[in-house]
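Novice: Not my notes, these are from Swiss-Prot:
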BINDING   HIS63, GLU66, HIS160  Zn(2+) binding site
ACT_SITE  GLU224  active site
Amino acid sequence: MLQALLDSKDFLALTLANPQTLGDEFSFTLGEHTRVNVWDTGVIVFEPAQPQGKDVILSCGVHGNETAPIELCNTLIKQLLQQKIIAKQRTLFLIGNPLAINNGTRIIDENMNRLFSGEHSNPPGLVNPERLRAKKLETYVDRFFKAAAAGRQRIHYDLHTAMRASKHEKFAIYPYRPGRAYSAEQIMFLAASGVDTVLFHHEPTTTFSYFSSEQYGADAFTIELGKVYPMGQNDMTRFIAAQEMFTRLITDKPLQLESFSTDKVNLYQVCRVINKHFDDFEFTFATDVENFRAFPKGFVLAREGGQEIKVEQEVESIVFPNAKVPIGNRTVICLIPSVAPDVR
């Protein structure tokens, strides 16, 4: 495994050729500046000899068909392995769901991004590949963050692409963080990365980014970088800004961020989540409606169990509508425009 990676510098290829395990962990050095540790398939750590003050996680492929972030992360890993760039921050890359990537599908059995914060082990337990992998990914995040001295800034960007078109092509979900201010620097880092829209969540979830935020105090986000396309069919020029900013972050180059202003970003507050309670749940709008489509107060969004579900606020925008989820799961997130909450 070690020689294959040293020869190819292609960690994604090694991961997809061994989607369940690489066997034993292995490590090697790059010059005299970086220790590389491979903990598992899809799990690689770059440890600078003299690390600066941030611990950075970039995760991708939690959903197997969201390929642009996978290609983006693999490009960064290749550049690090080729020593075209040199890590100055401790950096962990996670390729989330190799089995689903090989399958060309969003999932194998279950949505992995609903299985963190221990949800993987709740009934019915560790019964499928996503649940097993989510548990492992949690252990790698724990190991990575706890291996460094206290007081360092912890960052986790969980990278995705959306299943549908969007009024705002790139957007981020800021996990619920009661008692903690939102980071103006992080919001402007996202804006510099081309992610000019932020959704402030209103409650705990079982997503990967919420896990890192809540358990480790990380500046963590679920980041949507565009629309789903098959592997190799992404226009990677659309991710130049994101690649540049991620490179600056992990190589400790000046970030050159603008000062925070609500004029420079689009901010939304999650006002409610609509879950599915009956098999007959259906939306009233077209299946191809774009993310952030706005509806007026009183508009009937959906019907189920003989009841109508209506827009409650003066205007609500929607993201991630999906009527085909299992009963009990989220069908859509409803948003209202936000004046910046506690942003510092």
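FYI, residue positions are counted from 1 along the chain as it appears here.
Glycine is no exception: its Cβ is also placed from the backbone N, Cα and C atoms.
From a predicted model like this one, the values you see are computed outputs, not experimental measurements.
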Novice: Quick one: give me the count of other CB atoms within 10 A of the CB of HIS160 (Zn(2+) binding site).
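Specialist: There are 25 of them.
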Novice: Work out how many Å separate HIS63 (Zn(2+) binding site) and the residue listed as 'active site' at their Cα atoms, rounded off.
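Specialist: Between the Cα atoms of HIS63 (Zn(2+) binding site) and the residue listed as 'active site', the distance comes to 12 Å.
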Novice: Could you round the CA separation between GLU66 (Zn(2+) binding site) and GLU224 (active site) to a whole angstrom and send it over?
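Specialist: Answer for this pair: 10 Å between alpha carbons.
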Novice: If you run the three-state DSSP split on HIS160 (Zn(2+) binding site), which class comes out?
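Specialist: Its secondary structure by DSSP: strand.
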Novice: Can you tell me how far the Cα of HIS160 (Zn(2+) binding site) sits from the Cα of the residue listed as 'active site', in Å?
Specialist: 5
Novice: Given the recorded Zn(2+) site (HIS63, GLU66, HIS160), which additional residues of the same chain have their Cβ within 8 Å of the Cβ centre, ordered by sequence?
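Specialist: Going along the sequence, the neighbours come out as CYS60, GLY61, VAL62, GLY64, ASN65, PRO69, ARG106, ASN113, LEU159, THR161, ALA162, VAL228.
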Novice: Enumerate same-chain residues with a sequence separation of six or more from GLU224 (active site) and a Cβ-Cβ distance below 8 A; give 'none' if the list is empty.
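Specialist: GLU224 (active site) has long-range Cβ partners HIS160, THR161, ALA162, SER166, LYS170, PHE171, ALA172, ILE173.
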